[in-house]
Each structure stands twice: as structure tokens, then as C-alpha cells.
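Contents: one structure, followed by commentary.
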């Protein structure tokens, strides 16, 4: 028993052992019990040998047997202690495993709580986005309704394009006219969507009869916005041509041009440029590098680069197209002038104004020399050149060109410029002078000279753009009255162009208006003519014997009247506007009929537009 060492320590009262300390003590006790058992086994073995000896000698046998029994009891107690220690160690191991599992579960709970919080945050964010989306949808629905209404107005307010006969020359291509036929409202935007309906057989390679029907169908579907039909048609035809004729056939180049047109209308400029590059390679290899069809494809490719803002890359392509056309057609051909216009637009977007002026002036000389001064291209080129002058601050040169355009449009209708027939810009400047000298009552009213543009081509966007640009130039110069006159005239010309009956009858109406004027009742009478649906100002004819018209409206009232007139115009064109129950003194403020005699009343069968309401006699 002397070798038994128990690892017990005196602990202070109330001290609570930790789990590690208990395990350590248990292991120490177990080791002590193991040592004690070994010692007892050795003693018991010694006693057994002693008993055997005593049985032979017979001395002190009982005492030895008693010691053996005590040792066996001690061995049993030691075995019991060892079993309990092993149970405690196994229990401690199990508790440690349980605690480890408990920690794992706690970690999982923490992760689940974090995920739950993240999901809550995501749900809250999704709910906020859903709320914003619903608000945006509601706003878009309102905007859609508003745009539908504006679309109804625009349907009748679109600028009509003057139809011009196009020569069936082999120098044009189906995509050759990608630049605008009419000037854009924003002079800085020179490149715009072209006219895609030009027949492809007008290009450098004539479309075979077997492809013409397909080409017409594709153009029709593209014009209707049905690209989901037009694109598969083009691709199928392209595959058939490549299979039957080979990739390098000119028919394939033509079909590539048509498919590029459809892609361009979808604003897929990269795909369209890739197709045009393929078409260019085919045409250069089959038709030669100086063929007009190659020039047309180069021009189309330059336009696509321009639409993507790659003006530097587009300029050499356009320059090469110009060189080919000059070589094939001569330097004074109208198509050369058209290419010069396109090149000028590209240079203008790069700020190369000297080159822009040179190209426009040369194109203008070609148009005037080959097509005459009254050709619409002359006015368009002058308008473009004036826009270039405006960008450089050359306001005097721009003003001169704008006045030339308006004067030429006036001469085309009336044949000359005299005191009775003055261009609108002259009236605008006279009105400005009268405004400065405070003699409104003695001036010619806007309504009397505002009808000149009706007899001209009021649907021409060139004239309309010129009116607005010159009005903006006047406003920059501080000529507010003249600017207002031109702006009102431009606005009214657009609205007048919505009524086809008015367009065909206006010259006749103006002819009747020379002698028709309402006579005054007496010295004390006053008849007031208020603006009708499309009125721009209200005027009053004072019965003081002077026979002068006085302006009595304001610009704010004008805008309100114009806004109401647009709604009435849509209802009238849709056939839903109620007809007036009786004739009254109201009518359009243009006063085109003040000069008409009472003996020549308007016929009901004339089909008046919204801007020519019935006007009864003042008697």
C-alpha cells in the first residue's frame, strides 16, 4: 500500500471544480487504483505461496487465511473503483461529444438567424422595388395614354414629304438615301433614319425578277414594324441564294443590303455594318472597285458608322464614295451633290466647318446648275449651310440664307415680291419695327399676311424648319416680335398641313379673299373677331372709321387656344365633333376672309378644315 499515490489536493471550501479538473482527478484516481490493484495482486500471490507452505508445516495457517480474505475484499473494492472510474471517463467523453454537437447546433442556429435576417432584408428590398415598379407602371400607363393622344394628333400633323420622281439610274442603291430627305429639326443631328422604301433595282445591281417580290414584301413588313417577319424572310432568301449561286454572287450582295436595311431600322447597327462590309467585299470583287454600286455601299456603311458616332471612320468611306461618283458620273451630277451633302454632315459632326462650307457650297452650285433654283434640294442645302453658319456664330450669313429660302418659296407661289405680296420675313421685320415705335394700331395685322404659307407648300419641312430657325435667330438678336411672328407661322403651317381638303382649296380661298372684307356698321359699333380653334391671336376691328385691326391676345392665351384646338381637331377628324348650332362671329384668327365681299359667301360643300370656321356676315 505504500506505493499507492493518490492525486488529491486540498481544495478551499466552496471551490467548484471544472469539468477538466474532474476528468484529470478521475484519471489520476484510476491510475492510483490500477497501481493499488497490482500491489494487492502481488501481495495476494505471496500469501498464496505462504499458505501452501503453512499447509505443509501447519503453523499459523488461520492468520494467513484471514489476511488473504482481506486482500480479496480489497481487490474487489479496487475493481469496483476502477469500474466506476471507467464509467465516469466514458460519461465525460459522452458529455464532451454532446457539448460539441450542442456547439455545432448553436452555430447552425446563428447561421440560420443570419440567413433569416438576410432573407427579411431581401424581402423588404423586393417589396420596395415592387412598389416602385408599380408606381412606374402607373406612371407609364398615364404617359402611354398621353402619348396615344399625341399620336392621334401626330397622325394628322405629320410633315408631308414632297414626292419627287427618281430616275431609274444605275448609280443608286436600296440603302443609298440613308440621310434625311428633309432637314432635321435639330441641326446638330445630321444623320437620321433614311428612306428604306427605295427600290433595290435602282442600285448598282438590278434585282432579278425572282427577288423583287421578296424585296417588296420585306420593305412592306419593315415599314409596318413587323421585323419578326421581315428578318426570317431575308435570312431564308439569303441562304437560298448562297446555296444556289454561291457566296460571291451579286444577288447575295443585294440581299445583304436588304437585310442590313432591316437591321438598321431596328437600330442593330453593328449587325448591319457587318452585312454591308460583306456586301462591299462581294461587289468590289464582282463589279470592280469603281462601280456605282460600290460607292452606294460605301455611303451606306459611312452612314451606319455615323449613327454609331464613329465620324472619323465614316469620313474616308464617304470620301471614297464621292471620288467614285465623280469619276463615273462627272463632277456636276446631282448624285455627286448628294454625296457632298452626306460628307458635309459627317464633317459638321467633327467640327470641320471650313470643309462643311466648301462641300455645301459646291453641292448648292450643282443643284442650282443642274436642277434649277426651285428644286427642293436647293432649299435643303441652303438650310444645312445656314445651320453650319449658326454653329460658327455667323448669324448674318445664316440670316441671309434663311431669307433666300423663304423669299424663293414666296416667289414660287405668287410669282413676284411687291407691296401686296411680301415674304413673311419682311412682314415679321415690319411688325418688329412697329412694335418698337409703339404703332401697333397702324400696322398690318398678322392675320392678313399670315396666309402666304398656306398657298405655298405648307407640308414642306424645309420651309417649316427655316421659319423656326430664323425665328430662333431673331430671338437671339432680341427681335421678339419678329420671332413670335415666324414661330406662330411655323406652328400654324404644321396644323394647316393636317387637312388635305384645306391644302387643295387654299389657293382658291385666297383668290376669293382679295375683295372680301366686312364693312363696319357705324361710328359707334365695334365687332370683335376672337380666335377660333387654331387661333394664334384675337383681333378687334374698331368701328371708329379707321378700319384698323388691333391685337388683343396674349401668348399665354394663344397657347391655351392651340392646346384646345388640337383636341377639337382630333375629334373633328374622327367625326365626333358636334357641329355648331348656329353661325356666329367666331372663326380662325388668320382672318383670311376679312377681305372677301359679303356677296361671295363660303359654300358649305367646300369641306372646311378646323382652321376655317364659318363666318357670318357682319351686317
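Positions of Cβ are set from backbone N, Cα and C atoms, glycine also.
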Per Swiss-Prot record, range annotated region 'Disordered' [choices 154-201, 202-249, 250-297, 298-345]: 154-201
Of the residue ranges 466-487, 488-509, 510-531, 532-553, the one that Swiss-Prot records as region 'Disordered': 510-531
For the repeat 'TPR 4' (295-328), residues assigned helix / strand / coil by DSSP: 31 helix, 0 strand, 3 coil
PLDDT averaged over every residue in the repeat 'TPR 5' (337-370): 93
Per-state residue totals over the repeat 'TPR 5' (337-370) - DSSP helix, strand, coil: 31 helix, 0 strand, 3 coil
